[in-house]
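Feature annotations, reproduced from TrEMBL:
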type     : residues : note
ACT_SITE : A:S145   : active site, charge relay system
ACT_SITE : A:D221   : active site, charge relay system
ACT_SITE : A:H253   : active site, charge relay system
There are 2 protein chains.
Amino acid sequence: MQTISENRSFGGVQGVYSHASEACGCEMTFAVYMPPQARQMPVPVLWYLSGLTCTHENAMTKAGLQEHAALHGLAVVFPDTSPRGEGVANDEAYDLGQGAGFYVNATRTPWRPHYRMYDYVVSELRALVLDAFDVEDRHGITGHSMGGHGALTIAMQNPDLYDSLSAFAPIANPTQSDWGRKQLSAYLGDDEAAWGIHDSVLLMGEKGWKGDVLVDQGASDQFLDLLKPETLSEAMARRRQPGVFRMQEGYDHSYFFVNSFAGDHVAWHAERLI
Amino acid sequence: MQTISENRSFGGVQGVYSHASEACGCEMTFAVYMPPQARQMPVPVLWYLSGLTCTHENAMTKAGLQEHAALHGLAVVFPDTSPRGEGVANDEAYDLGQGAGFYVNATRTPWRPHYRMYDYVVSELRALVLDAFDVEDRHGITGHSMGGHGALTIAMQNPDLYDSLSAFAPIANPTQSDWGRKQLSAYLGDDEAAWGIHDSVLLMGEKGWKGDVLVDQGASDQFLDLLKPETLSEAMARRRQPGVFRMQEGYDHSYFFVNSFAGDHVAWHAERLI
């Protein structure tokens, strides 16, 4: 693991690192915020998964998570959203290929060799973070848009690995959305039976989440047609899933929305992890 | 004035606007954060002046001021750092010309026609903000690096126009620094007598500030040689200037530093303006 940068932030350290990823078969960059409490004792980990077009950097600089992570004593991990590099397949569209890994393990050409963001987040990067940082093996997960989709689907598939869950404006029902059908078809093939474990609405119907879940959605989000929040809200209520679904008046899909509720989400995770 | 964007942020509105500037002779872009309290009554204004290479956008997205401005009920104005555009003189260096206005009124060719950031901030944009937004005619001023220099020098020159003052890692003594001598010479000519009103250490010696002032400086700032914080600290103490000069262990010159102390600065201004 190489250190790309480390900056003092709210008494802790905001670092950016890279490593040769086995899961993705390329060099991967990620960021970790370590709060000041970590100098005394290991702290729990909050995973923040980012949306389409993002790298580790967008949320690290714009979401304002550090202030709240320092207050509560949580580490925050910001993975990249896809494999990267010249030898890695890509597409001209912003929503397929690099920057759009969708948190799945691709099984189809040309994506299969590198696009394994599910394994990367759930296993490889988790092991690296546990090894290289003073953290507890206790994890929460959240994310925005495609990253909200990632957080919900990864947590529901792996209840033993995560103990708190939230999402900002998730792509709720990708098997029924243009943000989803295109990518799941490309990465997993046209047999939709393989898609279901990557759809939070379907997972909510089948298994739900072991704890309670917080979802925030901006009512003025410019991508409501693609995110389909009503499908998740309905699925949560139908299952009697403990949790909170908040429709936030006036907020759009930007980081100004994420930033505005970052404090609530970090507090939510801290209350369940510490 | 044209609206470029408006995003809901912490219950208020983060807007970006442009207008034809008379002072700068070009179209100028700026950002304003209006807190939720402004829907009930006019709120005081905090001016945030940015550093070299920045536009209105850097601090708007990275400094994390909105959360605290919403808590306390302050508007925040983020001006650009120079005139812009094809007809505006520029230089290949990052620290001269566009992105490096230094908050002075240039008197020398080729800068004189457009580089009037002092008048722009002190008069023109102030009048526009007072006219177009629900704000009180009550102002605080702060800034980072070149913008910290701007905040300190503008406030000390205009004590009637501002009622609170702070700075993040200001260029403290530009008449004695490579961040200053080059620019003051280009914009104002080689007669150093014209430079003094744009040097906070010299102004601190001559007049000081009518109130108390808060200055934060990272002890691990990579530009300490250019910022010369010890000259300002010394000048403040020599004058018996009420205020606080804080040397923050481990912090560098980045927005991670600004973000970490944004809450303290907004609270400082709110206590003096509200």
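Backbone N, Cα and C define each Cβ position, glycine as well.
Positions of TrEMBL features highlighted on the structure.
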residue: A:S145; record: active site, charge relay system; DSSP class: coil
residue: A:D221; record: active site, charge relay system; DSSP class: coil
residue: A:H253; record: active site, charge relay system; DSSP class: coil
